[in-house]
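A short worksheet on the structure shown next.
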Amino acid sequence: MAKPCAAFLVFLCLSMLILSIPDISCQMNDCDCDHDHRCGEWEDESHGNCKQHHLRVVCTCTLDCLDISSTSNA
């Protein structure tokens, strides 16, 4: 369940980055995300209930970008 959520957050961050670059049109393709999870702090010594979770997500994506700077014939 965490993997799709993390992938969406990465997509959202990259989309904001793309929108902030003028005169370039980019499309994100072929994202491959890996994640791992571990407990950072246990509620008790029995390791039964995790109090603090650590999630690491690493995504590799391909960006296809075209320069669309002012090329009009006006």
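Backbone N, Cα and C atoms are what each Cβ position is placed from, and that goes for glycine too.
Checking the candidates Cys5, Cys13, Cys59, Cys61 against Swiss-Prot, the cysteine paired with Cys33 through a disulfide bond is Cys59. Distance from the CA of Cys59 (disulfide bond) to the CA of Cys39 (disulfide bond) is 21 Å. Cα of Cys33 (disulfide bond) to Cα of Cys26 (disulfide bond): a distance of 20 Å.
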